[in-house]
Amino acid sequence: MLQRKDLVSIEGLRAEEIRSLLDTAGAMREVIQRDIKKVPTLRGKVVALLFYEPSTRTRFSFELAAKYLSADTVSVVAATSSVVKGESLLDTAKTIDALGADAVVLRHPAAGAAEFFSRYTRAAVINAGDGMHEHPTQALLDLYTIEERKGRIEGLTVTFVGDILHSRVVRSNIWGLRKLGASVRVCGPRTLLPPGLEEIGVSVFTRLEDALPGSDVVYVLRLQRERFTQGLLPGIEEYARLYGITTERLELAGPEAIVMHPGPLNRGVEIDAGVADSTRAVITQQVTNGVAVRMACLYLLMRRENDDRAYH
Amino acid sequence: MTGLIIKGGTVVDPVSGNLFQADIAVVGERIASVGKVPEAKDATVVDARGCYVLPGLIDMHVHLREPGYEHKETIATGVAAALRGGFTAVCAMPNTRPVCDSAATVGFVLKRAKEAGGARVYPVGALTKGSEGKELAPLEEMRAAGAVAFSDDGRWVRDGQLMRRAMEYAAMLGVPVISHCEAPDLSAGGVMHEGRTAFILGLRGIPAAAEEVAVARDIILAALTGCHLHVAHVSTAGAVRLIREAKARGLRVTAEVTPHHLTLTEEAVKGYNTNAKVNPPLRTAADVAALKEGLADGTVDVIATDHAPHAREEKEVEFDAAPFGMVGLETAVGLVMALVREGVLTLPQLVAKLTVNPARILGLEAGLIREGAVADITLIDPETEETVEPERFASKGRNTPFAGWRLKGLPVGVVAGGRWFEMRPRPASRRTRERK
């Protein structure tokens with residue numbers, strides 16, 4: 001059972017809590033397959049979506065999740081709020097608390113922002129991505145999708161390919177996968193592999209030829225164009241040649257391996273169109289499952305009465 | 001003959017390494033005699049039984065924030081914090097607003113310190129104008145006004161040629177250059193030590209190499225120019241190694257370490273604790289061990305706090321947005337007394353790193369308990385214990401990661417400029433109470 005006020009990281013969750021979130025997501029998945037998707041579970045509750053970074057899919061996914069559960073949503077995007085007037089995150093948290101939101105979905109460019117925010121509000125805080133730190137609901141939807149396709153998580157080998165250094169998706173997934181018994185590999189150019197990975201039990205590779213054999217899941221990460229101007233990589237063609245996932249390369253991982261990507265895709269860079277559109281890719285399932293997983297998070301964090309909540 | 005008698009304490013002499021029972025008579029601003037002092041009717045007597053009596057402690061790396069950042073600290077509150085922490089003298093770093101890069105600002109700091117009274121304040125002048133690393137600051141003018149060292153603390157002088165010229169000039173004046181060794185190209189954007197914890201927290205790392213590259217360049221320039229280089233707040237094993245090597249070659253290189261780098265590791269940042277955000281960053285357990293080794297073998301000459309007060313609202317923000325720095329004056333003694341209990345240093349060795357060593361580096365007449373010496377004296381009770389409560393600090397800054405820590409071995413009072421300041425009950429007064 002999930003017994004906490006906020007969801008700020010996967011690192012802080014126990015395996016049973018992750019399990020309970022995934023099981024609840026299964027039930028939600030059934031709800032969104034119905035003709036009439038709306039259930040009254042969170043009627044009268046308010047979910048504030050607070051986005052300090054551009055995001056289409058995560059915000060849309062959370063908003064749908066809240067609406068399917070009959071919660072009211074308020075969406076605040078950084079550029080239109082008092083953020084531009086220089087209000088601090090601390091004061092925004094206190095304001096949101098005073099306005100009485102029951103849950104806050106927060107995306108912010110600073111690592112630790114969700115944890116910081118949660119200290120100053122009674123609302124349940126869901127981290128929708130804080131800098132390079134974590135993106136817990138992404139990891140949960142990934143776990144859900146892997147289990148849906150593979151029937152299990154324990155004993156699998158999941159290989160992340162690309163920009164490990166800047167990826168909050170990888171950080172959340174490392175904890176989630178390891179807590180549920182999977183092995184994690186990462187593969188990318190040395191400049192995008194931070195130190196400290198081996199110390200937390202992750203196998204590190206720089207060559208796909210070494211990393212892919214034995215992988216059950218090949219998780220392709222989005223490559224931001226700015227990595228070239230930052231001097232981390234020499235050029236896009238070289239990256240595509242060394243780390244782009246092509247149909248031929250995927251053969252190294254074996255016929256049963258599935259391909260995942262958090263989106264949005266750079267076709268022809270980190271992933272070939274042929275792979276992205278193949279039956280081995282579960283990228284669209286990830287998106288669908290994202291709504292179910294976020295419904296589960298909102299439901300489990302908000303079902304308790306307000307007076308159960310306390311500042312921590 | 002009016003004066004002050006410190007009676008019955010154990011005097012620690014950092015020069016000879018001896019501990020001995022002696023009374024100290026103070027007349028005016030000088031020590032009149034050390035030994036068996038006869039009672040004098042009109043003298044104030046401080047019963048120092050159960051206390052160590054040390055030369056007044058010197059903290060050669062402190063940010064007093066005035067002028068310009070009085071909401072963080074003023075010279076008056078900084079001096080009060082120094083006294084409460086057992087320090088009778090501090091060096092004020094020049095990164096104020098305006099930067100202390102002229103005789104006028106040096107004079108202002110000295111004037112304010114005099115008004116505040118108590119601990120002595122020795123200004124450190126900026127090495128370059130505005131600490132911008134572009135043009136030399138008027139070094140001789142500042143020396144004449146009272147600056148005891150030069151530094152662009154907080155900003156490493158990136159331009160090697162300018163640093164060379166600055167060191168040549170400082171060498172001519174016989175004044176040490178204090179370098180905050182961190183190559184900005186390598187630390188770019190980092191907010192904590194680069195390693196496992198930074199990866200887990202998703203924070204940008206500052207590699208140990210950022211410090212070591214800078215230390216290496218500055219040592220090479222010290223060899224070229226003959227300038228006395230003092231490396232501020234050493235934090236990595238590699239930097240200790242470089243300094244050890246430089247000393248073995250006979251170069252005029254000295255170094256300091258902070259109590260927090262001797263006590264905490266990168267793990268202290270967990271939970272995005274902005275009070276543990278400090279520059280240089282808290283490093284690994286292996287670095288802490290190397291710093292202690294460096295202290296023990298004499299590679300690291302000085303313990304200095306890098307006291308860096310910030311206002312509460314400045315630290316109560318996202319980790320990336322918080323300024324670097326923590327206060328140190330009022331927790332330093334309690335933290336470093338642990339080094340004696342751990343066996344890292346003997347008591348006289350520890351005292352040397354807080355008194356005679358910084359005095360020698362800076363050319364100060366201080367750090368000795370001798371007849372005729374300046375009457376700056378610190379009394380420490382090795383048995384007294386206290387929980388760190390930032391609300392009780394004399395400093396305006398409450399930004400410490402040590403809140404709630406239990407510290408043992410604390411300053412109970414100081415004599416500064418001949419005046420007695422009492423901070424905590426002495427063992428003798430506790431005994432008296434117990435008898436009643």
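Note that Cβ sites are derived from N, Cα and C of the backbone, with glycine treated the same way.
Going through A:Arg29, A:Arg34, A:Arg107 against TrEMBL, the one listed in the carbamoyl phosphate site together with A:Arg57, A:Thr58, A:His135, A:Gln138, A:Gly263, A:Pro264 turns out to be A:Arg107. When the domain 'Aspartate/ornithine carbamoyltransferase Asp/Orn-binding' (A:154-301) is classified with DSSP, helix, strand and coil residues number 64 helix, 24 strand, 60 coil. Among the binding-site residues A:Arg107, A:Gln138, A:Arg168, A:Arg222, A:Gly263, the ones whose Cβ sits under 8 Å from a Cβ of chain B are, in sequence order, A:Arg168. Each residue in the domain 'Aspartate/ornithine carbamoyltransferase carbamoyl-P binding' (A:5-148) gets a DSSP state, and the totals come to 67 helix, 26 strand, 51 coil. Of all the binding-site residues listed here (A:Arg57, A:Arg107, A:His135, A:Arg222), the one with the fewest other CB atoms within 10 A of its own CB is A:Arg57. Shown in sequence order, A:Ser55, A:Ser61, A:Ala128, A:Gly129, A:Pro262 are the same-chain residues outside A:Arg57, A:Thr58, A:Arg107, A:His135, A:Gln138, A:Gly263, A:Pro264 whose Cβ sits within 8 Å of the Cβ centre of the carbamoyl phosphate site.
Recorded residues A:Arg168 (L-aspartate binding site) and A:His135 (carbamoyl phosphate binding site) have their alpha carbons 6 Å apart, per Cα-Cα distance. When the binding-site residues A:Thr58, A:Gln138 are compared by the number of other CB atoms within 10 angstroms of each CB, A:Thr58 has the fewest. In sequence order, A:Arg57, A:Arg222 are the residues of the chain that are 6 or more apart from A:Pro264 (carbamoyl phosphate binding site) and have a CB within less than 8 Å of its CB. Sequence-distant neighbours of A:Gly263 (carbamoyl phosphate binding site) (same chain, 6+ apart, CB under 8 A from its CB) are A:Arg57, A:Arg222, A:Ile283, A:Gln286, A:Val287.
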